[in-house]
Amino acid sequence: MADVEASFNPLFSTIESLSSDFISRLSKAVSIPSVSADLTLRSKVVEMAHFIKSELTALGAEIELRELGKQEGTDVDLPPIVLGRYGKDPSKRNILVYGHYDVQPALVEDGWDTEPFKLIEKDGKLIGRGSTDDKGPVMGWINSIQAHQKAGIEFPVNLVMCFEGMEEYGSDGLDDLIRAEKDKFFKGVDATCICDNYWLGTSHPVLTYGIRGCSYYSITVSGPSADLHSGIFGGMVSEPLIDLSHILSKLVSPQGKILVPGVMDMVVPLTPEEEKLYDDIKYSMEDLYSATGSKTNLFDTEKESLMARWRYPTLSLHGIEGAFSAPGAKTVIPAKVSGKFSIRTVPNITPRELDECVIKYVNKVWEELGSKNRMEIKLLHDGMWWLSSPKHWNFEAAKNATKAVWNVDPDMTREGGSIPVTLTFEEELKKNVLLLPMGRGDDGAHSINEKLDLINYINGVKTLSAYLHYAAVQPMA
């Protein structure tokens, strides 16, 4: 390990000297509004893929933009998967890294303080859509290659890259590609590193060995053939929005309790051994208050809050499509509305058993309502939970790297969000998968004013680089 660490001083100094280049690269990436959920911006998502290819090709990597065909139900092409390799030395380990180059929608009128697709550096923060999720981390791998070249330090592994453009909208085509290429492009991979999650709080780095799954549903209620004037028809017809609101209110309580029968019955019981794992996690209620900008917590203790986030399922309501939502007043009765909700899943909830519970229950609530409107519930997409073992050389490499950069041992955590590809990579490649986050818990991914702290960006490049050096030599036993 001493030989490995001897290169860190010149490498880390080079990374710091290149910080303006790295910020410029991220700024260019953020300026491309690669919103996968918006078909009108599909050309921008593709543009982002070409930007990554250009950056990596200029550094000597071999890059292919793998086309995936049409998006289901449309005549629009899916964004390509960026497949890349940097290095082909048979004496080196092959480390697969995954990230995504698409982002969530963002508009100034959503409440942003700045233009979301223009990177702003302010008070030590890099503010812009995608800065932390996930363009910052993707740029981090590119930055690492550049830093090694500038420092004249040999790159320690063969880097295998897989960057997708549909992660924020279901990852269409990715699982099929991994299965088709497991014995081709991905053959020989020794371990996988995913940089697409966050620290638990704002001050202490973590490594993540488990994530929740996500099943996303829509309930559509329709009635009249067109929107109606409430002054003329109010009180005369059954209103779809009233019916939908009733159903949504029956899914989850204001205290967060899932009201769908059978869901909690599938959850693995908490053991005393597992409960002890939460005792030493460096997290405080102040971290929660800071991340949410409020004191609207459902639980009063850190342990209860973390359990709710990591090891128990949750049901969240996300929005209503078709209802009036613009500023001002409009006295309309919507003819058709769709409510969107999701359930974050944990061991041992399975998607199909969950579907059965949800659909059966919603149909029961509808029948009891006795409405003359029409109702349809359907699953929009789902992803399975993932739980791994942190007692693996891949995690040891990341642990050593974190300590080398941040001077502390990382907490070992699970995550409340969902990254379905983790399970696919682990099942198909039969290799360990590690989640190594760059950003902090208050970065606001998916929210307004998304940011990545500058120190996390630069130290993140150091951590990713150090991880690759330790992964190159960490004993596999």
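The backbone N, Cα and C atoms fix where each Cβ goes, and this holds for glycine too.
Unlike curated records, TrEMBL annotations are generated automatically.
As the structure is a computational prediction, the values presented were derived from the model and not from experiment.
Now, the feature entries from TrEMBL:
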ACT_SITE  Asp102  active site
ACT_SITE  Glu167  active site, proton acceptor
BINDING   His100, Asp133, Asp196  Mn(2+) 2 binding site
DOMAIN    210-366  domain 'Peptidase M20 dimerisation'
SITE      His229  site 'Important for catalytic activity'
Any same-chain residues 6+ apart from Asp102 (active site) with CB under 8 Å of its CB? Would you list them in sequence order, or say none? Ser34, Val35, Ser36, Val45, Met48, Pro79, Glu164, Gly165, Met166, Glu167, Glu168, Tyr169
Say we define neighbours as other CB atoms within 10 Å of the CB. Which of the recorded positions Asp133, Glu167, Asp196 has the fewest? Glu167
What residues, ordered by sequence, lie under 8 A Cβ-to-Cβ from His100 (Mn(2+) 2 binding site) and sit at least six positions away in the same chain? Asp134, Val138, Phe163, Glu164, Gly165, Met166, Glu167, Glu168, Asp196
Take every residue in the domain 'Peptidase M20 dimerisation' (210-366), average their pLDDT values, and give the whole-number result. 96
So around the Mn(2+) 2 site, His100, Asp133, Asp196 aside, which residues have their CB within 8 A of the centroid of those CB atoms? Gly99, Asp134, Pro137, Val138, Glu167, Glu168, Ile419, Ala445
Including all protein chains shown, what's the count of other C-beta atoms within 10 A of the C-beta of His229 (site 'Important for catalytic activity')? 10
How many whole Å apart are the CA atoms of His229 (site 'Important for catalytic activity') and Asp133 (Mn(2+) 2 binding site)? 43
